[in-house]
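The active site, proton donor annotation in TrEMBL covers E313. Residues or ranges marked as domain 'Glycoside hydrolase family 20 catalytic' by TrEMBL: 151-480. Here TrEMBL flags 501-539 as region 'Disordered'.
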Amino acid sequence: MQVENADGEDRIGVQNIAELQRVLDNVPSLWPAPRQLNVSLKKPRVLDARRFRITADSECDVVKHAIKRYRKLVLLPAMYATSEADNTTSPATVLTRLRVSVRRDSGVDCGYPPPKADEKCLETFSQMLDARPFVRYATVYSGMVRDFPRFSHRGILLDTARHFLPVPLIKQNLDAMAYNKLNVLHWHLVDDQSWPFYLEAFPNVSKVAAYSQRHVYSTEDVSGVIEYARLRGIRVIPEIDTPGHTQALGRAFPDALTPCYGNGSRGTANPGSHAAFEMLDPTRNISYSLVQQLLSQVARIFKDPYVHLGMDEVYHDCWKSSPEVEAFRLQHNLRRASDVEQYYVERTFNNAVRTGAKAVIWQDPIDNDAKASRQHTVLQLWKSHDLGHTYSWSEYAASHTGQGYEVVISSCWYLDHYEHLKDWAHYYACDPRQFKGSRKQKRLVLGGEACMWGEYVDRTNLLASLWPRASAVAERLWSSRDVDKADRAVIRLNGHRCRMLSSLGSDSPEPEPESSEETSSAVSGDEAVVDLPSRLLVM
């Protein structure tokens, strides 16, 4: 039985959530928890590693690559167990084949954005394999799993501007995301500190603004990350942040930055408020033409229909201190500095639309009374009491969805704010739709992202800092809202961490105590079946 709550989303009924929890307590550590899990705990099937194979009735390259990856993930632990079925094992209990069946009701689309659910079902099957130390055989329970994600946008933000992250490490993190059924990599490519992104039209930017030429992502590097992600069902959304956070860009284009008048003299800082040259200059056409060309280049490299335009932390004090900006404001009949920000937002949005992209922006311009096209804009919410802001994240969510904006929630998932080993439970407690609002407002919440900003994270500690803490976020974005008890989740999360550790090799600390598309899998006899919807595109 499923019931619909006041938010208009399906919830597992009280009886069903209790039954689901009972089964989860008795099978290997499934993460994130599926919607429905009917498993016979009486007699598991033995997986014969010598003969086991995975087949599919699809030529989709995403399905083929998923089969190749998961065959290895399934067979390695099975081989470490005493996996050969001996003469005492009944042939009826031996599992030798996993068949992946893609329903052909509307044709298969394996382009970009990637399909949602192919490797997700295989991930569930690989997690159901019981190959713990000292067990005689690798086994899997017979049963049926029906599953689908609660939210369409389930992401991780990686910051490669403050500390450069090598491409193999980014790909390793994509593997971890796939293990947790996350589907969006938000790539914060550039910032004040560095510009490590090579652009053919502007080769001088990364030459003068990267930490060194060893710390630059080539076009081939970026394309490789995008393809690696696609084959794991993950989108890559690039962020080119303007008009703030552009000091690195200003090293190549100094005329595009606003000179601040901190002490009344041109190009002087006001410590704690702004630097000497802060943000793009909203009065100069070079700022807009530069951003337009940058976005055109980005659109050619990245395949996602969305681009993140940043637009956070615009320091009005710098613009207010500038006589040039003040003259511009009066000339254009703009009453306040926030109206200058509105002017910049409108021109930049028009440039983005010309590239065919839809925009994601941080919430700041809307907080400053600017307006953006609701049809072409998603707001990413990051402010909260915990981060020192005026309102709680739920109040911001209620306000912005009340204005009709689609939103992605990050406010309660700033994972770079590392507290202690148990802080995963704090992230687990956050429900993106837990705010005062109508059913219509709740449906404007597309999902969320866990943010790993790079001030204190580098190649040496990224994975250990992210995982399994980000796994807590993954379950809240995938599973039913009724799956929300950290004290019941901790055992599964410990097991999931060990499984990721064996796959990724990251020595991460141990934890302590709406989509309509559905997928299913079943195990019976000597064959397991994974049944997939054929056309599953994201956003």
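Note that Cβ sites are derived from N, Cα and C of the backbone, with glycine treated the same way.
Unlike curated records, TrEMBL annotations are generated automatically.
Worth saying up front: this structure is predicted, and the values here are computed from it rather than measured.
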> For E313 (active site, proton donor), what is the tally of other C-beta atoms lying within 10 angstroms of its C-beta?
Replying inline: 12
>> Considering every residue in the domain 'Glycoside hydrolase family 20 catalytic' (151-480), what is the mean pLDDT value?
In response: 95
> In which DSSP state, out of helix, strand and coil, do we find E313 (active site, proton donor)?
Replying inline: coil
